[in-house]
Ligand SMILES: Nc1ncnc2c1ncn2[C@@H]1O[C@H](COP(=O)(O)OP(=O)(O)OP(=O)(O)O)[C@@H](O)[C@H]1O
Ligand SMILES: [Mg+2]
């Protein structure tokens, strides 16, 4: 049944005219005296990957956490498919079709892969007045979904704590995709991954985009960003430094913008262009 | 090792040129039975139960394991078990309730006062007792959730507050005494009394006796007339709690809330609701035990439920609950409570000095914690 609702969501979305899925204008977020976001604007289109770049502490995670309903913005406008929204909890965001894979993974190590995969959205079977989790179906779905991204979970009842960091990331992504109807937000999904798993994730992001979803892809790695990004938004110290389409900018410019310019170029030169 | 067998099995089978789909299916193989067993949190409790049973089979008088002897230790085990299951669910949900023992006394006061002082009929008294206890549980929960203080401290405060309020309340209700009598008389003839006191399944046991399946007195009546009602409550509650924890959505949310409240929230789990319900449930368990024991004794006093919070938590830990939350078992806690009952009553069937009881329990707790820690690390691959 959960399956149905997500497919419905996708088809409804496709039938809808406008291409803009998420539109954020001048979002401000304060944590007490800390100004984490100070007027950020960006837009995510259907079937596009928006790369969100910025240095440590630029406010990327804070921005996506406000989109995901974890934080309430202090000020600013936030529209999903043209409608102004006001999320009170992550559940609201999930229900609006915004699925997020957090940097600090939303996985619980002591729980099984299946239990994690379906956490908060368990497939329920009814038997008279009783409702319980359909574990056969849940295990099967988990295994299948993981297989789609090339991870072979032989035993979905094994604890997530027994998986490698990369595998855990993939469970989180597979889960988000399985349930995330419209927008998938990935907060540094590749930062903990090896080369093979990174390219797998990037391929997977491409696959997701081709399905017509919007993706927000947060990364420090310009190379990864250029590999999949359609648009790039650079944040710096809580502000939007710029919005660029893919053909408007190249890797070096992006790199410099992210780091705030010259210093890195010099460093890069002195290190023989390896940064 | 299981991997290898699976693969070699595949090669031997047919070696199709295009193996991708076939392999994919084949990798869905049975997990070794051993891994599955080691993964059960109640494993330690079962091992402990076997150990204790063997110990008493050797040391105790044969009467301990007759039907009458079993009922003898199951009655206190059931009373503790009801508290322990509540405590276990709450612990899996990541919180403690140190006030359950005092809550038993407080609920006993409320129950006794309703019946004796206010003259409310039994059904009304039971409902009021559950409502008051549930409200206290909800208060505990709200304070914990809203302040972010550890439940350990908040409920420790309620351990004293409730005990003190019970003392004061008893003196008020009785005009100076710390014991409130006259409960038996007050519930005389109530149709509901049979559900909360005395024995159940008496007809069945009489039938057993007539068939000659159980020991009887000379007049043909069975020596054990039925199962104490608390045992029935305990068994039903253990079964329902286990099912809820392991098989339902709410159960998954309990694990999630205790495993990592933040991650659970981000995944759409209503963590605060889950925890509040668990606090209320724990308090209601205390209320149930209060009702059962007060009706049994015919009176209530200020020492009712004394130190039961520790025994309940110990039983939960023996049953496989982690103190850090997110892991544990309801049936395990039930077994832990049975171990308690066996040791408490079992020693009276032996020549061993009964004062070894506390030593025995402390040792059991320590062993259980070490054992659980070791097993969990192996089974969950915690690094
Ligand atoms: N809950 C919070 N309370 C107070 N300050 C916070 C909170 N969350 C974030 N901040 C502050 O907001 C700023 C932006 O943090 P954020 O996590 O969004 O950065 P980021 O761009 O994701 O960085 P990174 O690349 O390291 O993940 C930081 O200065 C951080 O200290
Ligand atoms: Mg971040």
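Cβ coordinates are placed from backbone N, Cα and C, and glycine is handled just like the others.
If you check TrEMBL, you get these features:
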| type | residues | note |
| --- | --- | --- |
| COMPBIAS | B:11-23 | compositional bias 'Low complexity' |
| REGION | B:1-25 | region 'Disordered' |
| TRANSMEM | B:43-67 | transmembrane segment |
| TRANSMEM | B:73-93 | transmembrane segment |
| TRANSMEM | B:126-145 | transmembrane segment |
| TRANSMEM | B:152-170 | transmembrane segment |
| TRANSMEM | B:190-214 | transmembrane segment |
| TRANSMEM | B:226-246 | transmembrane segment |
| TRANSMEM | B:276-295 | transmembrane segment |
| TRANSMEM | B:316-344 | transmembrane segment |
| TRANSMEM | B:356-375 | transmembrane segment |
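Only pairs six or more apart in sequence are counted, and the transmembrane segment (B:316-344) with the transmembrane segment (B:152-170) gives fewer than three Cβ pairs under 8 Å, not enough to call it a contact. Note on the transmembrane segment (B:43-67): residues 37, 73, 214-215, 223-224, 318-320, 329, 332-333, 335-336, 338-339, 342-343, 345-346, 349-352, 364, 367-368, 371-372, 375 of its chain, located 6 or more positions outside it, place their CB under 8 angstroms from a CB of the stretch. Sequence-distant neighbours of the transmembrane segment (B:190-214) (same chain, 6+ residues past either end, Cβ-Cβ under 8 Å): 67, 121-123, 126, 220-229, 231-232, 291-292, 295-296. Tallying C-beta pairs under 8 angstroms between the transmembrane segment (B:276-295) and each of B:126-145, B:152-170, B:356-375 places B:126-145 first.
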